[in-house]
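Only one structure is covered here, and it is reproduced in the block below.
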Amino acid sequence: MDWRSEGVAYGDSGYCSSPASLMNFCEGALAIAATIDLPTLTSLPLVTTQGLIVPEEWRKYYPTLLSAFLSFQFVCRARGRHVKVYDCIERVDDSLTLLSAIYLLLTALIPFAVKAALTWGETKYLDGAYAIIMFQVLFIILDGVSIGTLHYAKRSNLFYPTYLPPREDGVRVFQEGDAIARLHSQSKEAQEQRQGHYNALIAQFCLTICMNLLIMPLGLVHHLLAIAVVLLFSNLAMKSLLRFIPWFRAIMNKELRQPLNKARLISFQDNVFSILATLLVLDVALPRGLDSSDTLFKFLRQNSFLIIGFGVAFLFTLTYWVIHKQIFVHICGLSTAWRQVNQTVLAFTCYVPFASIQASKALVPNKFHPALYDCERRFATVAPMPASNPCMTTTTTTTTTTTTTATPNTTTTASTMSMDSYIWHRDPVFVFYVMNFVVGLIYIAYWLSLLKFFPKFLSQDPTLVAWRPLVLAKCLVMPLVSVIGVFLVLVTPPEGWAMMAVTAIPLLWVMVGRIAGVRIQKNTRTRVDRKVTMTHVLVASATFKSLLERRRRGTGGDPLRAPLLDGDGDDDGGGVGAVALDTLAEATEEEEEEEGRDGYDAQPPPDYTESANNDDGNNAARGGIGSVNGGNTMGESPL
């Protein structure tokens, strides 16, 4: 276990704990702050009597959609800076905990500041300018808290480098988790590295503050979108441009090149997906007085779209979480730009659950409400069911008028109204599937871009490399479901169950996994068997021959026909192990004839104690023994 994973008492400073537990709390709090603005998406007036694509109505709700997207991006940016600071801190005391709480409190205000800037930023004169300036001042204060945290940690001897730079011979001084790290943390080399990393982080935060101050006059002319773009990409642009300055380049070269804190990033993403999966249930408010069946069925009828939409959102969110999790199994490192891409993918995924609520609003009143009304009539005496929407009222009135006057245009009027109602009901569901299709394509492009252009970010483990096609197959499930849903929307009547396409997700998931898994398993087994055979042939070295000779003298038989170690080869004496040992027998006999049996028998058994101190001998011994036992370890499929 890492010696930094537990709390340690340090004299007069009291109990200083590891930042791990504090950061676990921070990850959950920041994930909630990132998604706290998303429930406002359910307030869009998408009813069954109103078309979804109405430019006049959508213009009123552009700030709502943009606010959710920008809030998520800004909170993710604040979370990345917070993790960067606490990755360099060895111990956490009460003062650092208080500073972290202040940082979280200010971060929780980001969604409200973004919403205020978008709502009031387009107004004239001072109100909009004040809103945007307050929005920028909030980020300046956040960077100031980060600088204060670093300064206090360094002054209190709580700040330390995770890794020291390599020595001249290329050997790293220590690795994370080694006991020698604690002893070496006060060396001169460690102090220089600590100071260089501290200067680099302070310089980044100070330059970000300066950039916010420079673009603050843009708030007077209400260029909020330009401000948002500059703030989101200021860190990456700042690093790219300021590398041309020698002084800053020297500071950046001294900064620690820490690897991706994969555990922290996955923890944050898991929290985001879990909150998305359960956030919509907050809108289902149970009334206080459920004293009769009439009240119960009335409540269910009024909130049926929320209940069904929550179920659909939970299924879609769970599927995207599994896909994202499988992608990160293969990822071993990310750059600054690619982290921005990753959080943008997460931001687009956040729209899918809330789009399901809008889609359920269009379908539930037509199919679910009449069924509930029939159940309600069985248990209570109620008035006749009213029209669920103005479209039904208009259609009924038209039909009555037509019957009275007996005009010849009855069929034309009814069919025209039915077609209009069909289009109105279809649009929200259609947009839901289109949005899901776009997000599915984003995940496919995300994975293919990693494979094609950034293979250095992916793990080179042979087992993971063999199973990469399965990730692409799983990413194809969501676009296929969207295609099925769009087809049902186009061919079914307005009161049909177009949302039933979501039931195809488990079926497609199992089918794709089974087909791709069997294919990959077959190809992987063939490649592994061939690799094992070649390994057995190539390890016929002096160490392995010495092991054979020792067994020959001990057993008096043919050591190549008997298992050298327990479990070698198959039970029936055949298989890859027997073929490999036959090949080794021929190679061994040819080398023994050249060297002479007398001289070879006179050699003493190898001293493995001395061989352990020799890198070449140790590697050869491990390779020989591991290869023989490979009939049991490498010969089997890793699946």
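The backbone N, Cα and C atoms fix where each Cβ goes, glycine too.
Just so you know, TrEMBL annotations are computer predictions that nobody has curated.
Feature annotation from TrEMBL assigns transmembrane segment to 98-118, 130-153, 198-218, 224-245, 265-285, 305-323, 344-364, 430-450, 471-491, 497-517. According to TrEMBL, the region 'Disordered' annotation covers 554-639. Feature annotation from TrEMBL assigns compositional bias 'Acidic residues' to 587-596. What TrEMBL lists as compositional bias 'Low complexity' is 612-622. Under the heading compositional bias 'Gly residues', TrEMBL lists 623-633.
Through the fold, the transmembrane segment (497-517) approaches residues 308, 312, 315-316, 319, 359-360, 363, 367, 426, 429, 433, 469-470, 473-474, 476-478, 480-482, 484-485, 488-489, 639 of its own chain, all at least 6 residues removed from its boundaries and within a Cβ separation under 8 Å. Residues 270, 273-274, 276-278, 280-281, 283-284, 349, 352-354, 356-361, 364-365, 368, 436, 439, 443, 471, 474-475, 477-478, 499, 502, 505, 509 of the same chain, all 6+ positions outside the transmembrane segment (305-323), place their C-beta atoms under 8 angstroms from a C-beta of that stretch. Away from its own ends, the transmembrane segment (265-285) comes close to residues 24, 27-28, 30-32, 34-35, 38-39, 42, 79, 303, 306-307, 309-310, 313-314, 317-318, 320-321, 324-325, 328, 334, 339, 342, 346, 349-350, 353-354, 357 of its chain (Cβ-Cβ under 8 Å, at least six residues beyond either end). For the transmembrane segment (130-153), the residues of the chain that approach it from at least six positions outside its boundaries are 74, 78, 81-82, 85, 88-89, 95-96, 99-100, 102-103, 106-107, 109-110, 113-114, 116-117, 119-121, 159, 198, 201-202, 205-206, 208-209, 212-213, 215-216, 218-219, 222, 224, 227, 231, judged by C-beta separation under 8 angstroms.
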